[in-house]
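Right, one structure below, let's go through it.
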Amino acid sequence: MQASTFTVKGNTAFGLQNRRILQGVSDLRSRTLAGKSLRMTGSCFGVSMESASMGIELGRARRTVQSVFGSSAKARSHRVRAAGEDIEDAAPLKVQGQSSGSVLPYVGVACLAAILFGYHLGVVNGALEYLAKDLGIAENTVIQGWIVSTVLAGAFVGSFTGGALADKFGRTKTFILDAIPLSVGAFLCTTAQSVQAMIIGRLLTGIGIGISSAIVPLYISEISPTEIRGTLGTVNQLFICIGILVALVAGLPLSGNPSWWRTMFGLALIPSVLLAIGMVFSPESPRWLYQQGRISEAETSIKRLYGKEKVAEVMGDLEASAQGSSEPDAGWLDLFSSRYRKVVSIGAAMFFLQQLAGINAVVYYSTAVFRSAGITSDVAASALVGAANVFGTTVASSLMDKQGRKSLLLISYTGMAASMMLLSLSFTWKVLTPYSGTLAVLGTVLYVLSFSLGAGPVPALLLPEIFASRIRAKAVALSLGVHWIMNFFIGLYFLSIVTKFGISTVYMGFALSCLVAVVYITGNVVETKGRSLEEIERELSPAI
């Protein structure tokens, strides 16, 4: 990035203060253009690949905290027929009152996959510089870009197959199958003596985390009691954040032990194996078993999850919801039919707006911003962003079943718009010169906090609640595909746009995108808290 792009005219004090921020940005750009490093930004909300053509700054894993995917998907449990409408999923199993069972251990096992999701997104950032030297590609940024971006291609494929595998083989068996590419990929990366082995390993781990993005929230929502469905649903994202932070910590010994990068990849084998073993002993989704006609197994699963006193009640709900259930699953073209077009477009728009909100920009420039305020440690900067991320996700988890999904989205995007404006103005307004560094840091932290309150966790949580059962797997896959594609293209062109228009202008553009999201959500997204799927479907996908 040309330093002149960010030249600030005005009094000397103003220019010096802002040049501290912008010089860090310029240095960042210079390093990437010099081909010395690559960057992949991963986060709880997804993954952003700044491709080799634009440079991917990744000397350190501590710059890897971003938001995310999002990548959880949430599903409901029952089918009922609304008058004059197709069979749709109703709310999850209504297990209320005292229960001798517990779903928490099995949610914990499923969240091992969420930890691996975050870990594999973050681990390459600290390791790439060192593995590039070992594999003889230290000066080849194109090959380094392939090592980084191959995981994105794998995740794209995995996101389209995870739901289909879960429907065919069951939820727990799909977890066990998912542990195969996760384990084999981690092993290949750990032992790689060639670029080809490393790329294949990254591709396999990408497929694994893509599958995880679909089945973790699916399984959690289907075994969760209704009253804590939202809370347990956001646990998935929280553990993705934890996985990224674990990758950050795992990279700390690299400076003293350059070969430590192999150990970093090898550590992922432990939760991969534990995931497979844990799922062998975890109960299958009662809903999936009932749909397959395996009634006795469904009863056994209910007994383990909720206690034997709940078997008759839950089985009665399943029997009532399944009466008349005969409609076949939808094809891909059905997603664009007049009945489902609106609801599918809402799902895709949620991820489109999420990625267009500017999380990549905020994280990418966070180090330069923090340095302008005197925070010179990259670890401290990433820890601050990560702490805001985890804290916001924790708060969102506690509010999801109280405040509601739509309300959190509106609060989130409004806060993000205000934070982006603060960031933009801190670069340009002369009156803010004495406080520009502090305000930039404040804007960054507030933005990440706002993102993690709603824009990060809600989209993937909301989708299975608004999609009918016959389109769920394919509609979720399509929406997740939009997520991964948007991540890729924003990463590809982001720095070029910044070079042309300047970071302040780009930040203001992101603020406007957040305001557009507020308007869109207000007019199109329905609140799902406390509402049956039949009511939601009548509003979004009325029978024709």
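Counting begins at 1 with the first residue displayed.
Keep in mind that glycine also has a Cβ here, set from the backbone N, Cα and C atoms.
What TrEMBL says about a protein is an automatic prediction, not a curated fact.
Given the structure is predicted, the values throughout are model-derived calculations rather than measurements.
Annotated features, as they stand in TrEMBL:
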type	residues	note
DOMAIN	106-529	domain 'Major facilitator superfamily (MFS) profile'
TRANSMEM	103-123	transmembrane segment
TRANSMEM	143-163	transmembrane segment
TRANSMEM	175-193	transmembrane segment
TRANSMEM	199-220	transmembrane segment
TRANSMEM	232-254	transmembrane segment
TRANSMEM	260-281	transmembrane segment
TRANSMEM	343-367	transmembrane segment
TRANSMEM	379-400	transmembrane segment
TRANSMEM	407-427	transmembrane segment
TRANSMEM	439-463	transmembrane segment
TRANSMEM	475-495	transmembrane segment
TRANSMEM	501-521	transmembrane segment
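The stretches the transmembrane segment (343-367) and the transmembrane segment (199-220) are not in mutual contact, being linked by fewer than three Cβ pairs under 8 Å (pairs 6 or more apart in sequence). Counted as Cβ pairs under 8 Å, contacts with the transmembrane segment (475-495) are highest for 199-220 among 199-220, 260-281, 407-427.
Here the transmembrane segment (439-463) does not lie next to the transmembrane segment (260-281) in space: the count of CB pairs under 8 Å, restricted to residues six or more apart, is fewer than 3.
Contact check: the transmembrane segment (175-193) against the transmembrane segment (407-427) gives fewer than three Cβ pairs closer than 8 Å, residues 6 or more apart, which falls short of the contact criterion. Highest Cβ contact count with the transmembrane segment (260-281) among the listed stretches 103-123, 199-220, 379-400, 407-427, 501-521 falls to 103-123 (criterion: pairs under 8 Å). Note on the domain 'Major facilitator superfamily (MFS) profile' (106-529): its mean pLDDT in the predicted model is 85. Listed as Cβ neighbours of the transmembrane segment (199-220) (distance under 8 Å, sequence separation of 6 or more from its ends, same chain) are residues 69-75, 107, 110-111, 113-114, 116-117, 120-121, 124, 146-148, 150-163, 165-166, 171-172, 174-175, 177-182, 184-190, 192, 232-233, 235-236, 265, 268, 285, 460-461, 464, 476-477, 480.
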